[in-house]
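Asker: Below you'll find the structure I mean.
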Amino acid sequence: MRSLSSIALLSVVGAASAQAGPWAQCGGKSFSGSSECASGWKCQELNEWFSQCVPGAESTTPTVSSTPTPTDAPSVSITASVTTGINKSISVSSASKSTPLPSSSSASPSPRPTGSGSFAKADGLQFSIDGETKYFAGTNAYWLPFQMNDADIDSVFDHLEQAGLKILRVWGFNDVNTAPSPGTVYFQLHDKEKGTSTINTGKDGLQRLDYVVAAAEKHGVKLIIPFVNSWDDYGGYNAYVKAYGGSKTEWFTNEKIQSVYQAYIKAVVSRYRDSPAIFAWELGNEPRCSGCSTDVIHGWATKISAYIKSLDPNHMVALGDEGMGLTIGSDQSYPYGTSEGNDFEKNLAIPDIDFGTLHLYTTDWGIKDNAWGNGWVENHAKACKAAGKPCLFEEYGMKGNHCTDELKWQKTSLSSGTAADLIWQYGQQLSTGESPKDAYSIFYGTDEWKCAVMDHMENVNKN
């Protein structure tokens, strides 16, 4: 689903210190700060460019190797938050076609202690969460990692836990081409002039996602995190294209772009690979390659899903697609076709793709009869059954009729054999006002919340 861009601000302040604080940079090429970590923390080398203070008993000074950066790979930086409150940037080489992809042994550790619970997994045609194998319900709140008020994030998870919603999908990307004002949340900067990309791990960067993961652990909610958007909201493919050239359809095969994308995947996966709060990683949100052969997305998905599994074999991986290009039950309408470069059944057969996803927006797709959606759900359930993998009804919504037609789709999802559903999207009042709102939003505590969420949960619990 396309999302409305929103910006959250945070003033980053701090006092200088002779020691590097928790999770701060403490070494690496060109680094001139302190290599001594605070008491109870030690300096661990993650690569030649970056060492970080991690939990441990002693402080050590990392060694620096002299391995040169491949000349054919774009520069990718990690912006680390230090105790002075000032971001320090250090360049690291991203993987390129001529450079072996990094293995999981070289990935950085999770930045937060992991909570209780177990890794979610596929169990036949269903999902197993913390020892329970059954049908699950959840929602989308793409905007949550961009909130700067911790209390707002805590409130969202309080409400999800109370409602029994076990799965939450949030954006794991926020790409920009111009450095925003200090304190503006972004995750990665693609600089066209410098030909570099910078990953922001500061207080207005991935530390916001850190808090979301920690809150999910606390409340027993599992997160789905995609790495890039096909739409321009929050950067998308175009943010890469503006910096490195090509087009949105060439994004999947552009070597420089893919090396930057893989470097970002490694940075995020390495932070949370030990967290039980991660339900699954997704290659992207609604990947499309308009007019392309289906081999393009299939080949890309095969390569990237295997790469993610090499970094983190414990969590599930999904494509994050809309479910287009389905032959089973096809009525030859636009969603069943392959014009957007997807072949649902072929992609589902990729060994490192653990489950299928489907989205449903009749109005946006030019479908006049909302009842059409019931067949869409049923036919995907059949395809997943044939593949022996679960199906996640990952996004669905309509402009109005939340309490009529959407409830019918939910009942179809329950009865057809899909494994879970996530309504688009969750909304609530925040300290700054309403959360990002579109025509599909279901706000907590409203009449629509009761019918579209609470009534649905009653049916889920009976299932």
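Start at 1 and count along the chain as shown; that gives each residue its number.
Keep in mind that glycine also has a Cβ here, set from the backbone N, Cα and C atoms.
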Asker: Name the residue, out of TRP171, TRP251, that Swiss-Prot lists for the same substrate site as ASN285, TYR361, TRP424, please.
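Answerer: So the substrate site in Swiss-Prot includes ASN285, TYR361, TRP424 plus, from the candidates TRP171, TRP251, TRP171.
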Asker: To see if you understand the setup: which same-chain residues, six or more apart in sequence, place their Cβ under 8 Å from that of TYR361 (substrate binding site)?
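Answerer: Result: MET1, GLU395, TYR396, GLY397, MET398.
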Asker: Sorry to bug you, but what's the C-alpha spacing from TRP171 (substrate binding site) to GLU286 (active site, proton donor/acceptor), rounded to the closest Å?
Answerer: 12
Asker: For ASN285 (substrate binding site), just count the other CB atoms lying within 10 A of its CB, please.
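Answerer: Around the Cβ of ASN285 (substrate binding site), 29 other Cβ atoms lie within 10 Å.
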